[in-house]
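Engineer: In case it helps, TrEMBL gives these features for our protein:
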TRANSMEM  29-51  transmembrane segment
TRANSMEM  63-81  transmembrane segment
TRANSMEM  161-187  transmembrane segment
TRANSMEM  193-212  transmembrane segment
TRANSMEM  273-297  transmembrane segment
TRANSMEM  334-363  transmembrane segment
TRANSMEM  384-403  transmembrane segment
TRANSMEM  409-433  transmembrane segment
TRANSMEM  454-475  transmembrane segment
TRANSMEM  481-502  transmembrane segment
Amino acid sequence: MTLVGEMDSGEKRLNELGYKQELRREMTLFKTLAISFSTMTLFTGITPLYGSSLLYAGPASLVWGWVVVSFFTWFVGIAMAEICSSFPVSPHTTGSLYFWAAHLAGPKWGPFASWCCAWLETIGLIAGIGTQAYAGSQTLQSIILLCTGTNKDGGYLAPKWLFLCMYMGLTVIWAFLNTFALEVIAFIDVISIWWQVIGGLAIVIMLPLVALTTQPASYVFTSFEVAPESTGISSKAYAAILSLLVSQYSLYGYDAAAHLTEETKGADKNGPIAILSSIGIITVFGWAYILALTFSIQNPSYLFDPTNETAGTFVPAQILYDAFHGRYHNATGAIILLFVIWGSFFFGGLSITTSAARVVYALARDGGIPFSSVWRKIHPKHKVPSNAVWLCAAICILLGLPILKVNVIFTAITSICTIGWVGGYAVPIFARLTMDEKNFKAGPFYLGKARRPICLVAVLWICYTCSVFLLPTYYPITWNTFNYAPVALGVGLGIILLWWVVDARKWFKGPVRNIDVSNGKV
């Protein structure tokens, strides 16, 4: 039994750094892992980009690309786990990454590192809500189509305006749920982890068994084919790079455990465990899911046919339909499994909304955004940053409005999300790489001499990841195929940096301490 006056190790470290405990420290390791796993999610990264990655370079590049990306992701995760163990605390929860950056970069560069990291986090997480809403709407569109028939049998394919309504509806539902107490979200995320584990096992096991025929191993593991007639890309190297985007987009979000450290018991140990466990689970399950889909393909060329049963809009839906209709002559099984996948998007969007709101809350409490006094308010009863939640939802809805006119909006939102989110990882890891070791107070998870090579590989991998998401994904480049992410990010980040140079550098000092402590190691 915990004594009334007993202080958790995380809260003690929080006080050492100059911050008082404000949010409830009630999250267990399992609940923290559930939220972290839910933010990554099994299906949300792979499913929407599976078709395009398969089209670029064929199955071998897609399958082995997951292995390559998983390998380098471990470097990033291990580097972040060490930092999380040293800073098992983050004032205002999801301010964790920019809180880390501020302390690791030191008094001279800390404010600027904190500023850059905070805004990258904010951009990535808010765009992340949009990716889940878009992909969730895309899955729902396929469910409606198969429930009302098929594309060949007069089924209803939701038009763009209805697609946008679904996108907005999901965003509003997530915001509404996030106005409740954290325990409600944590309970839902516990459901999420079981939903994805059981649902993932069902798909991975059932799909190849149900499919009348399966592709040979030679096709899955060695077939490398470009499709210049569809993508306009004939370069094998370029096609292979683009085929890895599905893996790079899927394997992030494990920092969610760090976002909740102020609310996690024993966060100096449980935070790193949750980060690395999330990566391990997704690495194994994700590869199994990719293999199940790829082995179960009935006719590779038919998947992208706009006249097929799913109108060529969603390749995984067509794979599921072909398997179950071929065996049972109906689409019931495919609809059920699509609902499982849709549930994953729903839970993922809910978790990302939780994280995004806490980043905005943290930045607002440090005075880093306009009208900070509004966005840093905590709901008096539920103890959640409800104003920040609805701000994130409103911006996400604005991001989705181009759905009505632009065909490649998902590419842009995905790129913005990945570059912002993963780019935010690079700032504290780079600061850890370059800092004087004597200024680092190690936690239970400590890399020692291995930290320099691990952090270096992690930073270089993040730079590569951000770079490839700026590339055009279809040729020739037209208004309908242009990747708008470089323009959107260039303008957004340009304004943020200009704001820093002109004004913010004079008053933004990073996370604001609310306890006076003597100087010491970070």
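Quick reminder: no glycine exception, Cβ is built from N, Cα and C everywhere.
Any TrEMBL annotation is an automated prediction that lacks curation.
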Engineer: For the transmembrane segment (193-212), which stretch among 63-81, 161-187, 334-363 has the most Cβ pairs under 8 A?
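Structural biologist: Answer, by Cβ pair count: 334-363.
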Engineer: The transmembrane segment (161-187) vs the transmembrane segment (384-403): three or more C-beta pairs under 8 Å (separation of 6 or more)?
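Structural biologist: Judged by the Cβ rule, the two regions touch, with the required three close pairs present.
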Engineer: Where among 63-81, 334-363, 384-403, 409-433, 454-475 do we find the most Cβ pairs under 8 Å to the transmembrane segment (273-297)?
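Structural biologist: Looking at each of 63-81, 334-363, 384-403, 409-433, 454-475 in turn, the most contacts to the transmembrane segment (273-297) are made by 63-81.
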Engineer: Residues sitting near the transmembrane segment (481-502): Cβ under 8 Å, six or more positions beyond its termini, same chain?
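Structural biologist: Distal contacts: 112, 115-116, 119, 123, 232, 406-408, 411-412, 415-416, 419-420, 469-475, 508.
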Engineer: Any chance you could find the range in 63-81, 334-363, 409-433, 454-475 with the most Cβ pairs under 8 Å to the transmembrane segment (384-403)?
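Structural biologist: Top-ranked stretch among 63-81, 334-363, 409-433, 454-475: 334-363.
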Engineer: Between the stretches 63-81, 334-363, 409-433, which wins on the count of C-beta pairs under 8 angstroms to the transmembrane segment (454-475)?
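Structural biologist: If we count Cβ pairs closer than 8 Å to the transmembrane segment (454-475), 409-433 scores highest.
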Engineer: Could you pull out which residues elsewhere in the chain have a CB under 8 Å from any CB of the transmembrane segment (63-81), counting only those six or more residues past its ends?
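Structural biologist: The answer is 53, 220-221, 240, 243-244, 246-248, 251-252, 254-255, 258, 271-272, 275-276, 279, 283, 286-287, 290-291, 294, 422, 425, 428-429, 432, 445, 447, 451, 454-455, 457-458, 461-462.
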